[in-house]
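Colleague: Mind looking over this structure? Questions follow.
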């Protein structure tokens, strides 16, 4: 720790990033264009499950920052799940290639750079890609997430929820999109008129809209993603023989399946993990870290129910030891209620060419702590490639000083290893035997007898209720030292109270998203 008399602005900033435990090394402080190799900027590993944001315009270095963070998480024994949007993150599996620029950046950042590869599992959503195919069932997705994928409005989403309810009551399996289309076709047929009428708020016109949306989804690869075997989230929580976390890399070329399926799939996976993982509270390192690349796809045109569920799941999943990093061009792509929960901010350069760009820039500046070292509006438009404005949560939970940071160079290859090598690696994967072949579904059975329902309406019986507006959720802690336990805090730390609240929340999320941790026999 530097003394006040000897400290430079760079060392004063770096003092705020000092850690006692493990950390992810990001780079060094830049003042007036010069990097100070002794002023290190880092994220405490213990705070990674407080989530984060990596943002910036195209070509500013976001992907390399994700690569840098992912390989350090792997080295620390933390599994990672991320999408390969541009196709070059496959280089994580190979040692990097140094050159003069690598040496110069390593010198600037005080990094003893050595090339290294990391364990990577290549995955694809559905069978149209080149990675190990992974799938989810329609039932496990539930009506809210499926409505997001289909682009349904609120009325159509409600109708889909009633159709899910009807299928459950009649023991109609919803494994594939064919199953769901069969259910809707039955309800809109002459034989299904009485069933459709019994649902009350379902019109044949709306059911027809959903049916057409499903046909369009199948044409864009949805039929290869929804099915069995369903992904077991535990297969993402692996380490190799050397104790390195396995990086599960989702192929995202924009050609295999509809792009919104990627972000929605990750949301489904988070909810599934929440129902299965035990509470761990604050731990030395996370159990798993998600990277939501192209995060704007998750929130664009999303329904209120969907946004509420994203906010609640992100808020709660950290207590299970899972960290979530959103990656997008503009912080304004993320809803405020979600953005407020992201403890780490790594902001690459923004472009302010239009009035809307200028508004986004001003909003971004207001999300950072006050600084007397930088003019943030100027800094955010002046950052070089591979530089970012950073603030994170310290080990005590307080925001660190704002730091113009020159980022380190990833130690793995910053390029694609090629389609042929990815295909070979996927075929060698131990997951190939488990997920490589699609389970063929039996012929669609006729609807079974309706279960006794009493006097309740379909809406009241639905397994997919809206999230109660006052659901009990553990709040994100304020970034400051606690002043002492109050009554609510003492109650919250009571084991009986914790158990009751956690059970209730877990059931809400499981029901809201459909299958949750439920397994079809």
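Positions of Cβ are set from backbone N, Cα and C atoms, glycine also.
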Colleague: Quick check on the annotations: TrEMBL lists region 'Disordered' for one of 91-112, 113-134, 135-156. Which range is it?
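Modeller: When 91-112, 113-134, 135-156 are checked in TrEMBL, region 'Disordered' belongs to 91-112.
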Colleague: Of the residue ranges 378-433, 434-489, which one carries the region 'Disordered' annotation in TrEMBL?
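Modeller: Among 378-433, 434-489, the range TrEMBL annotates as region 'Disordered' is 434-489.
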Colleague: Within the region 'Disordered' (91-112), count helix residues (DSSP H, G, I), strand residues (E, B) and coil residues, in that order.
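Modeller: Each residue of the region 'Disordered' (91-112) counted once, the result is 12 helix, 1 strand, 9 coil.
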